[in-house]
Amino acid sequence: MERLIINDKIKKSRIPARLDLLQSGTGLVLGLFMWVHMMLVASILLGKGAFNFVAKFMELSFLSDTGHGFPAAVFLAVAGVSTLFIIHAALGVRKFPISWKQHAIFRQQMGMMKHEDTNLWYIQVVTAFIMFFLGSVHLFVMLSNPGQIDPYLSADRVISHSMWPLYLILLFAVELHGTIGLYRLCMKWGWFAGDNPVESREKLKLLKKRLTIFFLALGLLALLVFSVIGINHRDRVGERYGAHASVESTVSAEDSSSSVADTASSDAASAEEANKETAHE
């Protein structure tokens, strides 16, 4: 009894709770960021010009005298997201089954319980594992090429650089992990519980499913458009969107100048012939 009393007086550490709170916070920020990111990427559905406008806006081109923007702004943004990504992954791995035996026990309990939210947590574990590798590749590409975001260069990465399988798998992993994570955050911290928690839970489940379908459809459509652009742009890999527009303008201007010159030559020839006929008469 004395031993129990003594142990009961030991002050418990608050570090696990604080780490859990930090994990929830980084997960919330990353989840909301991915939704915004998907909406920005999906601007390609409105046309190449719309996507280029978004890319230049993210580079703070409106603050640049030349209009080219500052790739360093993209670099800093990606570096910030990468930092949150690493912190969130490090905190999340604390709860993963770290051995095959633990994994087997967990899977056995899953099959026995048939609990939907437990199954969702397992999906998060699997998608987190996928994201750790594929997400790191994507972040590295963005960090090393912060000024290489425009309709053509992005489409070149998808097709000519053969990264479409990575983006396709990453799309499903990110959207499933993100929507499940935000749903579980609402459950964990009691957000939107209302007067009837059971009813609120069902509404949140329905919202989660709809958001998952919406963002997956949006991402697949955007990837399809980038693929079409990339296929049509394979003979001009590395060419920027603005450069292509400039070339088209130059060609157009040259055609116009040539047309004007031809017209002027024709008029001059006609006038010369008329003068000759007049002199002959």
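Counting begins at 1 with the first residue displayed.
Quick reminder: no glycine exception, Cβ is built from N, Cα and C everywhere.
What TrEMBL says about this protein:
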- 21-47: transmembrane segment (TRANSMEM)
- H37, H88, H138, H177: heme b binding site (BINDING)
- 67-91: transmembrane segment (TRANSMEM)
- 120-144: transmembrane segment (TRANSMEM)
- 164-183: transmembrane segment (TRANSMEM)
- 211-231: transmembrane segment (TRANSMEM)
- 249-272: compositional bias 'Low complexity' (COMPBIAS)
- 249-281: region 'Disordered' (REGION)
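Mapped onto this structure are the features recorded in TrEMBL.
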residue : record              : contacts (Cβ under 8 Å, 6+ apart)
H37     : heme b binding site : none
H88     : heme b binding site : Q23, T26, G27, L30
H138    : heme b binding site : L166, Y167, L170
H177    : heme b binding site : I123, Q124, T127, A128, M131
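Between the transmembrane segment (21-47) and the transmembrane segment (120-144), fewer than three CB pairs separated by 6 or more residues in sequence fall under 8 Å, so the two stretches do not touch.
The heme b-binding residues named in the record, H37, H88, H138, H177, extend over a maximum Cα to Cα distance of 18 Å.
Long-range Cβ contacts of the transmembrane segment (67-91) within its own chain (Cβ-Cβ under 8 Å, at least 6 residues beyond either end) map to 19-20, 22-23, 26-27, 29-30, 33, 56, 58-61, 128, 132, 135, 139, 142-143, 146-147, 149. Beyond its flanks by at least six residues, the transmembrane segment (164-183) meets 27-28, 30-32, 34-35, 38, 120-121, 123-124, 127-128, 130-131, 134-135, 137-138, 158, 204-205, 207-208, 211-212, 215-216, 219-220, 223, 227 of its own chain at Cβ-Cβ distances under 8 Å.
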